[in-house]
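Here is what TrEMBL records for this protein:
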DOMAIN    B:88-277  domain 'ABC transmembrane type-1'
TRANSMEM  B:20-41  transmembrane segment
TRANSMEM  B:92-112  transmembrane segment
TRANSMEM  B:124-147  transmembrane segment
TRANSMEM  B:159-179  transmembrane segment
TRANSMEM  B:200-224  transmembrane segment
TRANSMEM  B:259-277  transmembrane segment
Amino acid sequence: MVALKIENVWKYYGDTVAVRDLNLECDDGEFVCMLGPSGCGKSSTMRMLAGLEHISSGDILLGDRRINDLAPKDRDIAMVFENYALYPHKTVAENIGNPLRLAKVAKHEIRKRVQEAADLLEIGHLLDRKPMELSGGQKQRVAIGRVIVRQPQIYLFDEPIAHLDAKLRARMRSELKHLQQHLGVTTVYVTHDQLEALSMADRIAVMHEGVLQQFGTPAEIYSNPVNAWVAGFVGEPAMNLIACSCAQEGNAVNLMHDGFKITLDDRLAKAALSSGERDLRLGVRPENVRLTADPDDGMIAGTVFSRQLLGSDMLVDVLSGGDHIRVRTDPKSPFEADEKCYVSFDFDHAHLFSAETGISIV
Amino acid sequence: MASRDIVQYDTGLSRLLSVLAKVFLAAYVVWTILPFVIMIGSSMKDLLQAFTLPEVGDWAGTSALVHFTPTFKHYVALFTEESFGTYLSNSLLASVGSALLAVILGTSCAYSMSRYEFRGKKDLLFWIISTRMAPVVAVIVPLYAIFRNFGLVGTIPGLILAYTTFNLPFAIWMLKGFFDNVPYAVEEAAQCDGATRFQATLMILPLVAPGIGAFLVLCILFAWNDFLFATIIGSGAAKTLPAATKELVQPQNVQWGKIMAAGVVTTAPMMLLGLLIRRYLVAGLTMGAVKE
């Protein structure tokens with residue numbers, strides 16, 4: 001069942017287009033992340049869903065109700081804000097209970113439901129405090145409490161954990177995911193952090209410059225990005241995108257680069273030929289690049305530019321023909337800076353993008 | 001807020017300066033308090049006693065300044081012979097009425113000025129404050145003419161309107177700062193919680209309450225102490241305390257006892273008010289100034 005439907009939605013601020021012809025459908029109970037850099041239109045979309053911004057054109061349907069012209073209070077939505085937006089003069093209990101108070105729920109019922117929500121979020125002992133006396137993580141829990149205390153049709157989260165420290169963020173990711181599954185309410189979650197999107201979402205909507213780039217499961221987005229922009233944005237460390245030119249020599253299809261010339265395998269060669277494009281970008285994730293000290297056939301020579309220990313992995317930056325190739329390798333990797341080395345690509349997991357349009361060829 | 005030490009190390013000069021500062025402050029306190037002591041003392045003395053001054057060098061005679069048999073006859077006379085009861089209520093009505101009106105109008109205007117963007121907003125804001133740049137004396141004559149045409153001279157509503165005219169620009173500027181400091185997201189959150197736009201606005205009013213309170217007091221003080229409007233716009237039927245006190249000075253007879261008592265009656269309520277809300281006043285006036 002479709003819980004939320006965004007149809008041909010545009011948003012203008014003056015002459016600036018913030019959201020361009022957006023179409024999106026969320027299923028009932030689904031956790032959808034809107035992912036993109038700042039200014040990509042994800043927050044505008046969320047604010048249009050909440051009713052905090054007018055929709056320039058298009059329709060938003062919640063269930064089978066068109067909500068374009070409804071005030072936020074009539075939309076049956078609940079939203080968590082990036083800066084928490086708690087009421088500083090109210091206690092935690094009053095903050096959480098506010099939606100129920102406004103809905104004129106009986107006092108004893110409010111108390112019961114606030115307690116339940118607080119217990120679920122492990123802030124039951126803080127109910128009498130004021131927001132000023134809470135830590136960032138606790139404030140964020142209160143903001144979530146204010147949302148889960150009722151059962152709206154949809155939860156909206158606007159970068160709710162962006163201001164927490166890294167450790168707390170990791171914990172909240174798993175807690176939020178668990179909470180959403182437990183409550184089963186359709187959720188739209190806006191973030192600029194691709195790790196948050198990959199780790200939490202059922203489906204991710206990747207946005208860039210107001211345009212929806214790709215809408216799919218985290219695995220699809222990660223393994224089959226539709227264009228070079230998505231490929232470069234999702235994944236950390238980012239995918240290597242190397243500009244090459246494609247040339248056929250006899251039976252072989254080669255990619256030519258200032259630093260190397262490599263022969264494509266059948267899958268990539270077929271796609272490259274049928275696309276008819278000469279200028280391509282080869283996309284390979286750092287974990288699909290192999291680094292060795294001994295040269296072999298079809299290997300690319302380079303020098304180590306820098307190495308970063310990431311804990312469980314080592315990220316080695318190899319310079320070849322003026323381009324940097326990131327390689328994710330063993331943390332015990334012996335390569336030092338300026339050392340000569342060789343890399344090879346795993347073509348099974350490689351992508352080709354049109355250099356002109358950025359669209360994925362394979 | 002992070003506390004910090006203000007580090008200072010003593011030198012000969014700084015010690016001397018600190019002693020001089022204390023001497024200056026002591027003199028300043030005497031200078032400020034003495035008129036009140038004389039006013040309160042004289043208001044409770046017989047006229048003859050009030051004007052008794054010791055000879056120069058007669059230090060024992062100074063005790064007469066504080067040792068006397070108190071009498072409340074001037075106060076009684078004020079309220080029986082001079083109908084100061086009416087003037088007191090006029091003062092209260094005019095000051096509290098204008099303060100409330102200025103706060104209600106000022107709060108709504110300041111809210112829109114803080115929340116909405118529109119063309120010419122800066123110019124409008126400047127125009128509003130520019131109305132306070134001319135001294136009252138400069139506009140009192142045209143104001144009088146306008147007020148007379150509307151039959152507002154000598155009425156309490158006329159006074160309230162006059163004070164509101166002068167308090168409103170100040171209210172808008174001061175309260176706008178308070179609203180600017182309240183994140184709009186709080187109102188948005190309230191709307192998502194199920195509040196109407198108006199309910200959401202009401203919900204943030206407690207956050208600007210210290211500012212509104214502080215401003216209310218300043219408005220009351222301004223109107224209460226005003227003399228110019230009171231004599232010109234309020235003259236006759238809407239006499240307030242300062243205007244009425246001035247009339248105790250008559251060409252053939254200056255009624256010092258009553259004047260002193262009237263001074264006490266005028267000053268005491270505001271001093272009490274000040275003492276009661278001192279804490280909030282300071283909080284209110286400094287809150288808008290510092291952003292978190």
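Positions of Cβ are set from backbone N, Cα and C atoms, glycine also.
Automatic prediction, not curation, is the source of TrEMBL annotations.
Contact count against the transmembrane segment (B:159-179) (Cβ pairs under 8 Å) is highest for B:200-224, out of B:20-41, B:124-147, B:200-224, B:259-277. Residues 113, 153, 158, 161-162, 165-166, 169-170, 172-173, 176, 228-229, 232-233 of the same chain, all 6+ positions outside the transmembrane segment (B:124-147), place their C-beta atoms under 8 angstroms from a C-beta of that stretch.
Below 8 angstroms of C-beta separation, residues 91, 94-96, 98-100, 102-103, 106-107, 111, 159, 163, 166-167, 170-171, 174-175, 177-179, 182, 186-188, 190-191, 240-241, 266, 269-270, 273-274, 277, 280-281, 283-285, 287-288 of the same chain, each at least six residues beyond the ends of the transmembrane segment (B:200-224), sit close to that stretch.
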